[in-house]
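Some notes on the structure that comes next.
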Amino acid sequence: MEPSSPQDEGLRKKQPKKPVPEILPRPPRALFCLTLENPLRKACISIVEWKPFETIILLTIFANCVALAVYLPMPEDDNNSLNLGLEKLEYFFLIVFSIEAAMKIIAYGFLFHQDAYLRSGWNVLDFTIVFLGVFTVILEQVNVIQSHTAPMSSKGAGLDVKALRAFRVLRPLRLVSGVPSLQVVLNSIFKAMLPLFHIALLVLFMVIIYAIIGLELFKGKMHKTCYFIGTDIVATVENEEPSPCARTGSGRRCTINGSECRGGWPGPNHGITHFDNFGFSMLTVYQCITMEGWTDVLYWVNDAIGNEWPWIYFVTLILLGSFFILNLVLGVLSGEFTKEREKAKSRGTFQKLREKQQLDEDLRGYMSWITQGEVMDVEDFREGKLSLDEGGSDTESLYEIAGLNKIIQFIRHWRQWNRIFRWKCHDIVKSKVFYWLVILIVALNTLSIASEHHNQPLWLTRLQDIANRVLLSLFTTEMLMKMYGLGLRQYFMSIFNRFDCFVVCSGILEILLVESGAMTPLGISVLRCIRLLRIFKITKYWTSLSNLVASLLNSIRSIASLLLLLFLFIVIFALLGMQLFGGRYDFEDTEVRRSNFDNFPQALISVFQVLTGEDWTSMMYNGIMAYGGPSYPGMLVCIYFIILFVCGNYILLNVFLAIAVDNLAEAESLTSAQKAKAEEKKRRKMSKGLPDKSEEEKSTMAKKLEQKPKGEGIPTTAKLKIDEFESNVNEVKDPYPSADFPGDDEEDEPEIPLSPRPRPLAELQLKEKAVPIPEASSFFIFSPTNKIRVLCHRIVNATWFTNFILLFILLSSAALAAEDPIRADSMRNQILKHFDIGFTSVFTVEIVLKMTTYGAFLHKGSFCRNYFNMLDLLVVAVSLISMGLESSAISVVKILRVLRVLRPLRAINRAKGLKHVVQCMFVAISTIGNIVLVTTLLQFMFACIGVQLFKGKFFRCTDLSKMTEEECRGYYYVYKDGDPMQIELRHREWVHSDFHFDNVLSAMMSLFTVSTFEGWPQLLYKAIDSNAEDVGPIYNNRVEMAIFFIIYIILIAFFMMNIFVGFVIVTFQEQGETEYKNCELDKNQRQCVQYALKARPLRCYIPKNPYQYQVWYIVTSSYFEYLMFALIMLNTICLGMQHYNQSEQMNHISDILNVAFTIIFTLEMILKLMAFKARGYFGDPWNVFDFLIVIGSIIDVILSEIDTFLASSGGLYCLGGGCGNVDPDESARISSAFFRLFRVMRLIKLLSRAEGVRTLLWTFIKSFQALPYVALLIVMLFFIYAVIGMQMFGKIALVDGTQINRNNNFQTFPQAVLLLFRCATGEAWQEILLACSYGKLCDPESDYAPGEEYTCGTNFAYYYFISFYMLCAFLVINLFVAVIMDNFDYLTRDWSILGPHHLDEFKAIWAEYDPEAKGRIKHLDVVTLLRRIQPPLGFGKFCPHRVACKRLVGMNMPLNSDGTVTFNATLFALVRTALKIKTEGNFEQANEELRAIIKKIWKRTSMKLLDQVIPPIGDDEVTVGKFYATFLIQEHFRKFMKRQEEYYGYRPKKDIVQIQAGLRTIEEEAAPEICRTVSGDLAAEEELERAMVEAAMEEGIFRRTGGLFGQVDNFLERTNSLPPVMANQRPLQFAEIEMEEMESPVFLEDFPQDPRTNPLARANTNNANANVAYGNSNHSNSHVFSSVHYEREFPEETETPATRGRALGQPCRVLGPHSKPCVEMLKGLLTQRAMPRGQAPPAPCQCPRVESSMPEDRKSSTPGSLHEETPHSRSTRENTSRCSAPATALLIQKALVRGGLGTLAADANFIMATGQALADACQMEPEEVEIMATELLKGREAPEGMASSLGCLNLGSSLGSLDQHQGSQETLIPPRL
């Protein structure tokens, strides 16, 4: 191929067009002196932008990290030669980095211009590190010089350098700037910082509140413990940590002989954990929120003050702090990821569009190039073939000559046979039989590996060895057959085959190495376990599973960048930890701290441990003790651990989950069409039983992969490819496809009520309809019409009966909980037994009744055909049997008694909401099946590897110096706490670890506890110390074993468990949506509509009394708010300043301050009560809260005063006497402790002030509302498990130092629930499990037989605790998360989309216009109201008036007769418009659909409200839309008139042509615009708007005038023409009214009005001034705009009958050429509707009379007696004038119909108003117009006239948006905003 081919040339030409990577634009000068031409700068630029330079720097950074890691920190700042060498190497790194920074600064400039060096965040980081490094070196030199002069100071100076040296650890962060995908992850996290900051505030706030409560309640309580009398030795039993005690009350007593309870103990954890002052209190609370070690704190507090109520404090803390607030972090992160991904997507789309054209060009070049290449390739190929063949023929002739024909034939035959064999082989390999055969071998392989265990017999070992070889040969055969059959290229195309090949080769290698003795059998046998991955071969025909596996593999790849970030993070903190704590975890006692920072691998493990959150607190305590204990420098250490924990555990680990949830959710949004397609394909495949993926499917998959968005961001990396994953997981949902595919039901059975397809909640709210009696007879004797059966049916379906049964279920459950588990024959149990009989009989009767009604089980619809009924039957049967079997076979009875616990489950069938949640759970479980399977397989694989590595190695002798069981005999000495004086003699025992890897089951159990993060460090260190089978441990023997655990934790615990959790969450969210699947509203729309329907206006109370008004003014001012805010903050500070052992003076001051604050807050309450009166005050929940707090505080003050007064006799506690032995410190005002809480509660008031936090709270409460059934389910779960626990484990003795002790046991129901709650938070649950397993000591009071005291507990504990933990951790807690994520999506959502949290603003602003909360305001105020509310809800203040009005017409609320609009209708219209709910298509139909939807979802909506927000069809009402339509037509007429004037230069003659032109204006301009507005198509509308404004500028139509809305386009142009000269004159008749002034609702009431007038018909003073000047009260403008007021300039102006008469719209003739009748338009629109016929229409407001500018004769010619006419005569005259224009009406109807406004054409009032406007525009009298219209009509054929008049009635459908019924146009389509 020639290089200079034309294609090549073309390609080269096109090449430059490719987008070049952007180079930083270089500033012309750097450092003020170096220009771009400067050689130094040129050199620097070329070096810095040279690609290898970056690589060199990255390598240097990497080398620096290695150097930092190799450094060995030593105690007491010792050093060795390695460390000294590394110190010297440090200088080299520093020089390299300094040079790099200097060159970059020279190249790019330092700071002052864009793109300078320091303008990039990463460079700032680099620069800081380099600068600190240089600074450290300088300081060190100074130190050296100083140490020569003054040796004493060296020690002190050296410390500063050490602190600065710690900054070196940030250098690895520079790797981030080199790896783009890392920056993406970080960017996503940074983006989430703002909402995370809100959450951090909320957490901080909670911590502060709880810390202060803790301080008030528990300070000084932790300092007493049990000492041996007369010594300072703490008295504890074996294995027990010292804990607080109490001399009185119900705290812990000292039971050990010779011990007493006394003070002087520093407290638990060396005095770090306590509530003595605010700082320690906060630390303790924070530790509890992290759910690590919180039970210890609870138990210590229980020991100190009794266990009656401290649990309330801790449980609420965990629920609010851990489950709720910390899960918000997850909500925020996943929201951010979704947003980032969407951004990347849209960015990608945009770029695609931009590059498309260019790509096309490039493509043409490339394509021609490639095709050319291919052609040449093929030609080459052919030539090669030919030459071969030719060669062949040559040789052939030679051979022929030699007579060697036979060989040739043999070769040919061989090729032929080879081909046949290959085909055969190919068919075999692809056949199903072969596949199942391979699966069988894999199963055998799995079996042989899984059968390995510790101490296995020799024959088994041999068998396994043989099996291993045989199976290996089989696998090799399979591999070779595949290679032969498929050909190498095709074979290696499949990833699975490559993997297979690797496994087989490693197996062969292993056998060779072991045989040759080059390697111990152990090390490589791990490879054998990798063979287990072959299990995944099963997935070949299980498509859903194989896709899940494929997507998981892909997602691992995409999470790689996150793992890299995690690794960097761990490295940095490990290095920092080494700098801070290296060599310091070296304490007086003999115990070795395993989690330390003494070398790099160990530091990595320690940081990783903190990251998983396991036992991080003990590491923090050690760190604090290393720096001198709980005092000044030591406490700073906790900052390191807290930052590490927060960033690592909350943020980075939640990012895992966020990515998982985000991708799952993203995949959920695959269109239902796609899902249906997949489902259909799957069904076809299943029916045909096709084995493999079709080619088409493969190609679609490949395409899908290519289509991944190319934007930046985790969004793409983390795309997890869960698209396929999800769609296929959806395919798995076989058991209940109906629950996942919209409109897809099971194949075999139609909808059955038992399928866990949740019933829509809407149906659940109302009572279900009774199930009819089935046709068949019941018990073969009762026919369907039998009276007894009918009666039973009536009873069973009665509400009272259901409630009665529910009550009995509750009572029987309570009875179960009340049983005494220890003393079986106690009095309590006897009484309960009788009750039990009663309950059982009631339930039996219920079941008999139901069976009589529905039949037993033979026919459809019978009792036993429903799962829930079967459950009922089981429970009742169990109760009956256990009552029968009183004494016999004890164990059977025991099990049956346990089964009674299922009773509460019967409530599920009765409470519909609960049933829905339960069904939801079933669906979730069925959906998760695949993930469980994959996780289990992985778990199994790791378990097998664990067995290979650790079987039989977890034994040890209690005396660590002995290594084997033989040596481990006899006794040995122990020095207690390293004290040579305390010597103990102990017996040597050979013990086995509780969790071990001796066989696969134990290994899986051990790994399961690791995956829950509980107790894994202990297991890890046992594994690291493990030596050989049956030999004791050696310290840090194989540190590399940590890799096994860390990989397991990352893969299973971080990744699989999070995918699992994500799945549960997504499933629950989906299930929540299925309820509303067919209601066509999405979640946000539902919430907004619900808000609009349920909201009520706020009462804005403004007192009338002047003094009260003054108070009200003060109380509602912002200064008052700030003052209270400051006072609450002060109060908080005062509360936080208290501490243990504070001086008397301090006590006195704090008491005085407390009284002072109480008085201030009481004053605030009194002032507010005065201002708002009781009704207004208690209307606000915050005020109620304030009130309670004030009352509580007052009681608190009174109590503490009494207490102080009685202090001499021992306080309140001792009023009844008998307090001689009370410790005054302990009586610490327990009675008033409760009321002291009120002091702290004031803090919560702060929440009502901060906006962001308030929104958080709002949602918080929302999510609580969403939780009731979920909470009920959790309560049920806890109840059932607690009762089972009491029955099973209640008899275990309480032994201090074990897990079942005085604080943690199953002996009473509350204790059992608390213990389960502890397990749910994961606090050492595996140790409780072990403490409950078989062989534990029995409680002395229980009824065990002699010699059986060690028979309590049962191995059922394993199933019990694991099932409970899984249910809790994966389902229940995730329900919390799901609910939270559902409710908190607003935190990260797009704020431009209207959401329910925006709607509060509407209520607040509405209240200003409607302070009495009547729910109505004048429709004129709506425009101002909506312009005050910012988008997305309102229009915002910059919305042009014309657009605002168009939007109003789109919203089109119904008007009441008094001209007001209602609150709910306006809000509903706003929501509907903003969210485009049913705004397209035929409008009446849309309205009806929306009404139906609302009735379906919100069944309890009153019809009155529904008619208010969506008026039913045929409702003849005036709407805002009418006004606008008329207004628009007038405006077009005005423009038309203006055009004519400008065209002719004078007023044209009155003729037919003009009227025709006017009608054309309706058809061609006005009608389409109204259509558009009405159909909500404002996108085109706003374009048009701009065009019109431009045209108007040219025409000079729109003049600016200061109206109500500030600068507004003046549409209200004069309608009568003036001589051209006067066209631009503007008499200065009215003042401008600014927007701000007008905003006050009071302002609108400032204008005097005629008391008789209707507010709606206000004077339309909004005419052009010239009209007023010429005495022309023109009312032809739309009433919507008639609210523009002008201030009167003429104080002498008075109202005369004449002006009023003129305003009434009578045809008052005025002399003069331009005169015209002032028929008021609003009459046509409103009066007829608003008033019953025959009543007088109300008079509109008067027009201000203008004196001076009107000629006398005109004035006098106005008949003065008009106003004396009777109402009747007025209305009749008006009616006659209205009905006198049939011809005009017909013409206008035609025009409207042609314009597509058939519905308006049917509205007589509208036609009349338009006729009037037409007359005005043409400047004719109506009579003149009528004459010309008649002529026009005559000119047309009659049939056409008929047709068009019919058309106006029939063509209503041509405009679906307007109402067909006459005049009802209230339901215009809201425009799109």
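Heads up, the Cβ atoms here are built off N, Cα and C, so glycines get one too.
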Same-side membrane placement of GLY251 and LEU548 in Swiss-Prot: no
Swiss-Prot annotation, N-linked glycosylation site - which of ASN257, ASN797, ASN1464: ASN257
From GLU989, GLU1014, GLU1029, GLU1040, the one annotated by Swiss-Prot with GLU292, GLU614 for Ca(2+): GLU1014
Selected from CYS1338, CYS1368: Swiss-Prot disulphide partner of CYS1352: CYS1338
Disulphide bridge to CYS245 as given by Swiss-Prot, partner from CYS261, CYS288: CYS261
Which candidate, of ASN79, ASN1674, Swiss-Prot gives the annotation N-linked glycosylation site: ASN79
For the topological domain 'Extracellular' (624-633), the mean pLDDT of the predicted model: 88
DSSP-derived helix, strand and coil totals, residue by residue, for the motif 'Selectivity filter of repeat III' (1012-1015): 0 helix, 0 strand, 4 coil
Residues from the same chain, set at least six apart from the ends of the topological domain 'Extracellular' (624-633), whose C-beta lies under 8 A from its own: 270-272, 280, 581, 584-585, 587
Per-state residue totals over the topological domain 'Extracellular' (582-601) - DSSP helix, strand, coil: 2 helix, 0 strand, 18 coil
Residue numbers, six or more beyond the limits of the topological domain 'Extracellular' (582-601), whose CB comes under 8 Å of its CB atoms: 69-76, 78, 574-575, 609, 615, 618-619, 622-623, 625-627, 975, 977-978, 1017, 1021, 1035, 1039, 1042
Same-chain residues near the topological domain 'Cytoplasmic' (484-494), Cβ under 8 Å, at least 6 residues beyond its ends: 421-422, 425-430, 501
Same-chain residue ranges lying at least 6 outside the topological domain 'Extracellular' (71-85) that approach it to Cβ under 8 Å: 158, 578-579, 582-584, 586, 597-600
Secondary structure content, the topological domain 'Extracellular' (71-85) (per DSSP, counts of residues): 8 helix, 0 strand, 7 coil
